[in-house]
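What TrEMBL says about this protein:
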- A:Arg95, A:Lys135, A:140-146, A:170-173, A:Glu178, A:His201, A:255-256: ATP binding site (BINDING)
- A:99-285: domain 'ATP-grasp' (DOMAIN)
Number of protein chains: 2
Amino acid sequence: MRIGVLGAGQLGRMLALAGYPLAKNFVFYDMSGSPSAGLGEVIIDRDGRYLDDFLSRVDRVTYEFEHLPVEVAEKLAQQRPMHPSPRALQVCQNREAEKTLFGRLGIPTPQWRIADSAEALADVARELGCPVVAKSITEGYDGKGQAVLRTPEDAAEAWRVIGHPRVIVEQFVHFTREVSIIAVRAEDGDVAFYPMAENVHHEGILRYSIAPAPGLSPQVQQEAERYIRALLNDMDYVGVLTLELFETEHGLLANEMAPRVHNSGHWTLEGAMTSQFENHIRAISGHPLGNVDPRGLSCMINIIGEHGDTDRILALPYAHLHLYNKAERPGRKLGHVNILADSYEELVWRVRNCAQFLPGSPEFKSSLTARG
Amino acid sequence: MRIGVLGAGQLGRMLALAGYPLAKNFVFYDMSGSPSAGLGEVIIDRDGRYLDDFLSRVDRVTYEFEHLPVEVAEKLAQQRPMHPSPRALQVCQNREAEKTLFGRLGIPTPQWRIADSAEALADVARELGCPVVAKSITEGYDGKGQAVLRTPEDAAEAWRVIGHPRVIVEQFVHFTREVSIIAVRAEDGDVAFYPMAENVHHEGILRYSIAPAPGLSPQVQQEAERYIRALLNDMDYVGVLTLELFETEHGLLANEMAPRVHNSGHWTLEGAMTSQFENHIRAISGHPLGNVDPRGLSCMINIIGEHGDTDRILALPYAHLHLYNKAERPGRKLGHVNILADSYEELVWRVRNCAQFLPGSPEFKSSLTARG
């Protein structure tokens, strides 16, 4: 089976590495250069002229990024089985549609409102109580189009910075930690859930994911499973879906979802019986899902900006290095290291030991280190 | 780093899958078609005209099969770092050189003699005591050039069948089981040993490998490590080396070695902290070796001739499927399944359960099943 992947970044690369042992071949379609080159044919198409050529070479289509124009996705889906569906893409591209769906399915979120003018933004900020965060309802690659309002008087400036005719305004949440759940749904409707991960961000970039999340109660895991199952079934979704949540004293609040394999699931490469990448390939190919049980405890450390001392990392007996073959650049995800351990105490020690060889890594702070 | 691989079969394919996450790229050189295509550039060169072209595209050279002409290997090694060295290749290609080296290093083997005529073969068969097995001292791809002598009178016919001017004659061994040890040596001389595997052959083809070998005593493991360490150091070897042995009531006897990753080490993909493929790439690239500790108990089942019921295998929660993307053909290795378990009892049950979906698999017999 020939699988066409829209996008050719590290996610596509890891999908291919997981798919070759299942006798899949890969063709990548991208609008720019690519780190996946070498792992399959890559069609670089700046003008959208080679979509038909791409389609003629593949049996099924998937994507590794959610910013694909929905019209393009729909056109492709008419000609080849495409998973996840254009509808999933559409919902995930629009924060208003996403939050509306969460609400309809009874998935709690931080309070939110829509504003379509600077004046409306000021009113909404007043109603929700500052600080609030305002975001354009659609988002580009770069994560721009966001502003924090400390007071309602910030509205005019925020409106100008965002530069979008429709914004979503969200109340700040006092969360204990950020978590995510990754699930996969097969063509026949079978669903499997990975144990939730605890995610540590720094300067807006994911730095560490610990899985299973320390101190995770079965109730919280089940709550998250209920939410993501509702989403999967409602969208008749096939493939891997990621839901990012806040854990609060009053339960989970959904933040956003991604219709794809996710950075907070990279730990599954060695940390689970079947990786998120293999399970996505299984699902979109019509195969049964793989076992999602964890293998010990894992922490993923992102390699950001600089590669650090690769040979020191390779010499650690509990570390698994995954490089994306990209050039160094500040803020860029260059790879990740998966750390394995049998206890959280050991995990903390190992993560800190490894992080010293990664100059860009912030100090490791998590629910584990907060405990003392 | 660009790694050139001589040969483009499933071993090269799995080397590449392990090497991409270490930011290596691959160019394959083969004299026929290839199942690795898609994982890197493949140079098909029936006449040996493109070797320079191949070399110009790579930083280091390795090989995935040991039947490369030594002159070619030496020419390549003059121009690029090549691991394992042409010397290792030379020894492994010649059964007389191999057994002589075993003897010089104090590694016990079954008794053997050289014969250079039908008459000498008859004399040697008489001396060793029939049955004996006679083999041409050099071997081609196909494993031909062997004959069993039930009586010394079989010598003339055996000599004709083998059709080679120099044969090695080996005494039959009453072994308990066949085992192998896989070790890896780094550029700086560091050596790591995987736990030994028990190997089950059927009709001359490896069918099952169980690792760590059931009932393996630390003394036997250490004995095998001593032998393979002597070989690695004597050949100043860099990369993965495999030594196949017979376990007998009187200790281990070396059978033969292979200067490469080996079918009896495929269990390391999920069954060890670092796979044999990754460790070979680490070694030949000058990186530190990876941890060779096992992760639970493993059994590898080869998929021979027919693919069987792939979806039933994928549905097993303890099985990992690795396909080579090859067409079905009797006796051909099409892939393998790695089965994981926490006890040997569970492992036996799981292997039998999986094997029922592989029509070509012989009944699972091993030291585990022999016990009852």
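Heads up, the Cβ atoms here are built off N, Cα and C, so glycines get one too.
If you take every residue in the domain 'ATP-grasp' (A:99-285) and average the pLDDT, you get 95.
Under the DSSP three-state reduction, A:Asn255 (ATP binding site) is assigned to strand. All protein chains shown were included, and the count of other CB atoms within 10 Å of the CB of A:Lys144 (ATP binding site) stands at 14. Other Cβ atoms within 10 Å of the Cβ of A:Arg95 (ATP binding site), summed over all protein chains shown, number 21.
A:Arg95 (ATP binding site) carries a helical DSSP state (H, G or I). Listed in sequence order, A:Pro110, A:Phe246, A:Thr248, A:Leu253 are the same-chain residues six or more apart from A:Val173 (ATP binding site) with CB atoms under 8 A from its CB. Taking Cβ-Cβ distances under 8 Å and a sequence separation of 6 or more, the neighbours of A:Asn255 (ATP binding site) in its chain are A:Thr109, A:Pro110, A:Glu178, A:Glu244, A:Leu245, A:Phe246. Sequence-distant neighbours of A:Glu170 (ATP binding site) (same chain, 6+ residues apart, CB-CB distance under 8 A): A:Pro110, A:Gln111, A:Trp112, A:Leu128, A:Val132, A:Val133, A:Ala134, A:Lys135. Secondary structure at A:Lys144 (ATP binding site), as computed by DSSP, is coil.
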